[in-house]
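S.K.: What follows is a structure written as structure tokens; I'll ask about it next.
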Amino acid sequence: MGTDISDIVVSHETSLKDQGNQTFSIDTYNILYQLLSNVRQYDGMPLMDSHGNVTSHLYGIFYRTINLLENRIRPVYVFDGKPSPLKNRTISERQMMKEKAKAELEEAIERGEEDLRQYYSRINYITPQIVDDTKKLLDYMGIPYVDAPSEGEAQASYMTKKNVDGVISQDYDCLLFGARKILRNFAIYGRRKVPRKNIYKTVYPEYIILDEVLSANQINQDQLIGIGILVGTDFNEGIKGIGAKKALALIKKEGDIKSVLKHIGKNIENLDEIIDFFKNPPVVDYDFKFRKPDTDAIEHFLCDEHDFSRERIRDHLESLRKNDQASTQFRLDSFD
């Protein structure tokens, strides 16, 4: 998902602890897709309660949010609104990929394959129920969230220009939307299996500073947007044969994306609209506040309604209580 400009991005390995005492907006759908793909049973099926409701997202949001709070990182979750019409092609392609994955899963089951994880992990849907349950859990935990009018990553990036320190997301598109700082791999760090390969790699959290990316490549924000569009974004197909490094070289030589397209004899549909969307996306001003967690409601919701282990939940609820007391003074200092 998003644009792949990783080859020209300056990143720094970091840790949760090193990012403490800061507030970050979170591209929630981006995180939910990661959780639905990675938090699964041994056979690849998503975690479910006794009623057949998917709970992978609740498991991930609960434990990862507490982990952030324990490291004095204050999260503000941002939910997607109505997608831009520019994204229709991407949405259709993703739906086709899921349908293909479902067909491959059925074939694998018929063949009697035992390891179905690679198939299940490619079939993820963020349903209204998943969104509602996530918001309900965040409400009980006292964690604020913002409903974006359109793209969540655009709203989360906009918030970095106001009073949050950065955005937590895997997508480099946040840089095109002007996010001052991005934290990546904060939901999937550690030893991870490479998709569709029987090998593992260690993934470390990292941060990216927009100004460093621009300075290191000697470009401006408009040129960075042009590079992303040449490579391809959720709103357009990239130009075949052009990766981030080649796009950078072309942009620096020709000056801007329109000059590049004229030089190579190519066209990108809706170019002006795409550029404008990255520069002026639909966003809202917001007011958020961290509240005291309702630990009884959390326990009832997770344990009584969704079959979570009461013993495990209570251990983490105690951590949540302690964290709330420890962070109250800092929150007052930060947001008054």
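Cβ atoms here come from the backbone N, Cα and C positions, even for glycine.
Pulled these features from Swiss-Prot for this protein:
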- 1-98: region 'N-domain' (REGION)
- D27, D80, E151, E153: Mg(2+) 1 binding site (BINDING)
- 115-255: region 'I-domain' (REGION)
- D171, D173, D234: Mg(2+) 2 binding site (BINDING)
S.K.: Using a 10 Å cut-off, grab the number of neighbouring Cβ atoms around the Cβ of D171 (Mg(2+) 2 binding site), all chains included.
M.R.: 26
S.K.: Show me the subset of D171, D173, D234 whose Cα is within 10 Å of D27 (Mg(2+) 1 binding site); these are the binding-site residues I mean.
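M.R.: Close binding-site residues: D171.
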S.K.: Express the predicted model's confidence over the region 'N-domain' (1-98) as a mean pLDDT, rounded to an integer.
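M.R.: A mean pLDDT of 85 is what the predicted model shows over the region 'N-domain' (1-98).
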S.K.: If H, G and I count as helix, E and B as strand, and all else as coil, what does DSSP give for D27 (Mg(2+) 1 binding site)?
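M.R.: DSSP assigns D27 (Mg(2+) 1 binding site) to strand.
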S.K.: Are there any residues at least 6 positions away along the chain from E153 (Mg(2+) 1 binding site) with a Cβ closer than 8 Å to its Cβ? List them or say none.
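M.R.: Long-range Cβ contacts: G2, D27, N30, V78, V167, S169, D171, D173, C174, F177.
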S.K.: Let me check the 10 A CB neighbour count of E151 (Mg(2+) 1 binding site). How many other CB atoms are there?
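M.R.: Cβ-Cβ neighbours of E151 (Mg(2+) 1 binding site) within 10 Å number 29.
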S.K.: Do me a favour and check the Cα-Cα span between E151 (Mg(2+) 1 binding site) and D234 (Mg(2+) 2 binding site); whole Å is fine.
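M.R.: One finds 11 Å between the Cα atoms of these residues.
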S.K.: What are the DSSP helix/strand/coil residue counts across the region 'I-domain' (115-255)?
M.R.: 60 helix, 24 strand, 57 coil
S.K.: As a test of the contact definition, list every same-chain residue at least 6 positions from D80 (Mg(2+) 1 binding site) whose Cβ is closer than 8 Å to its Cβ.
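M.R.: In sequence order, T28, Y29, A148, S150, E151, G152 meet the Cβ cut-off.
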S.K.: At 10 angstroms around each C-beta, which of the binding-site residues D27, D173, D234 has the fewest other C-beta atoms nearby?
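M.R.: Per-residue Cβ counts within 10 Å for the binding-site residues D27, D173, D234 bottom out at D234.
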S.K.: DSSP says what for the region 'N-domain' (1-98): how many helix, strand, coil residues?
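M.R.: So the counts come to 46 helix, 20 strand, 32 coil.
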S.K.: Cβ within 8 Å of the Mg(2+) 1 site's Cβ centroid: which residues qualify beyond D27, D80, E151, E153?
M.R.: T28, Y29, N30, V78, A148, G152, A154, Q155, A156, S169, D171
